[in-house]
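Visitor: The structure that follows is given in the form of structure tokens.
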Amino acid sequence: ALSMLGTTAGLYVIPWCKESLLLTTLMSVIGGSMGILDTGANVLILNTWGSESGPHLQALHFSFAAGAFLAPILAKMALGGSESEELAGTEKTNQSVLKSVPTASAASTTPAPKDHHDGDFLWSYIIIGTYILFVSIFLFALYSKSSSAKDKSKGSAQKGKLAKYHWPLVGLLFVFFLFYVGAEVTYGSYVFTYATIFAEMTESEAAALNSVFWGAFAVCRGAAIFGAAFLSPATMIVISLVCSAASSSALAFFAHYRALLWAGTAVYGASMAAVFPSGISWIEQYTVIEGKSASLFVVGGALGEMCIPAVVGYLQGTFHHIPVLTYAVLVTSIMTVLLFPVMHKLANIPQENDLKEVSDSETRKALLTNSRLTEEEEEEEEEEDVKEWNDADFEVVEMNDKLKNSVTDSSPRIPRDSPAEVSLQPHLDNVLGDSPVVTDGSPGRQNGIVDWEKSE
């Protein structure tokens, strides 16, 4: 809300500014306010939606792309139509037209269109500033009613834990965004010049090529809102990097073919669309992202936006016959492709606490497994004991059967007229049925039967 309020103040004052120093100060205020907005909006979405912030981040950055795509069109509708405006645009892009315009006629037509021109600019600043003022008031109203939600978000953020290599990971993503945003802005800024000089396109064709790049960029950012609901941030980044590397290679080595130039520009714009919001969603899965970390990401993107186009412009001015733009795009794509696997590997390194938890869980599993094995061994031992007792019972029964059979088989050997026949049946009953031995009263017979029992 504060950043939007600062932007509103700058937009209201700029049309009335007559001094360059004051204008520079106001533009710096607007730039700083937009930097705060970029940082705060990303952190606000992460604190509000947490792990489900992917589609919301894509929607936020889609609004940036939609504004960048629609702003020139709306400005042309508001300011265009006059002959002086067309002449001014032509003077900036083509020096030959500037030489062909008579000085007297240009001077004579300057005063009246200038007033109309200033009036259009004045109302444009006032309308945009008023719109941003309403947004700022709306955000202040939300802030006044969001104390409980803010405390809740702070509590949820404090519960999260930092990655083992939090700041190295943030630093690598800083460099990653530097190359990514720098390549995005560089190609969008210089593709018109490249198309007219190296591809020998007309100005209308070059402008259409530039519109294809930003149009594909905006459309794919809109599609990424729905894609983020089904795909993980890492998957979206990998797909974007692969398409970026393929399209930048085609632009670097095969851009002299018109079809490949158009296709490569469209694919490159589409591949750059989802990288920044997906990168923030991706790192939020591994560590806590607060204001400091998010501000570093925005600063990295701003440095890339400032430095890489300047370097490419300087090199292109030095080496006139080399398409520096396409080679710079290829180099930045290679850098991002190399950086992301390193960041992914660094983010997945477990912390010492995680390793301790894993070892504790493995110890618990081992103890549970040993206890289960002990119980199983005890059950097996009980089953073996039961089996041994059953085997012993069967052996006793078999011994009784054998003994009974042996006695039955030996009984015919005794003569029937012998007195032992009388004493055999009681003895057999004594062996099998535990009944007392009954004899005929003859000691010799009884002793003989006892001796025969011992011999058996």
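Glycine too: its Cβ is placed from the backbone N, Cα and C atoms.
What you see is a predicted model, and the numbers here were worked out from it, not measured in a lab.
So TrEMBL lists these for the protein:
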- 20-45: transmembrane segment (TRANSMEM)
- 57-75: transmembrane segment (TRANSMEM)
- 122-144: transmembrane segment (TRANSMEM)
- 165-183: transmembrane segment (TRANSMEM)
- 261-283: transmembrane segment (TRANSMEM)
- 295-315: transmembrane segment (TRANSMEM)
- 321-342: transmembrane segment (TRANSMEM)
- 354-456: region 'Disordered' (REGION)
- 354-365: compositional bias 'Basic and acidic residues' (COMPBIAS)
- 375-398: compositional bias 'Acidic residues' (COMPBIAS)
Visitor: Short question: most Cβ pairs under 8 Å with the transmembrane segment (321-342), which of 20-45, 122-144, 295-315?
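Guide: So the stretch in question is 295-315.
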Visitor: Please check if the transmembrane segment (57-75) comes into contact with the transmembrane segment (165-183), where contact means 3 or more CB pairs closer than 8 Å and the residues in each pair are separated by 6 or more positions.
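Guide: No, the transmembrane segment (57-75) and the transmembrane segment (165-183) are not in contact.
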Visitor: So, taking each listed stretch (20-45, 122-144, 261-283, 295-315) in turn and counting its Cβ pairs to the transmembrane segment (165-183) that are under 8 angstroms, which one gives the highest count?
Guide: 295-315
Visitor: To the transmembrane segment (20-45), which of 122-144, 261-283, 295-315 is linked by the most Cβ pairs under 8 Å?
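Guide: The stretch I would name here is 295-315.
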Visitor: Would you kindly list the residues that approach the transmembrane segment (295-315) from elsewhere in its chain, counting only those six or more residues past its ends and only Cβ-Cβ distances under 8 Å?
Guide: 35, 38-39, 42, 170-171, 173-183, 185-186, 189-190, 276, 279-280, 324-325, 328, 332
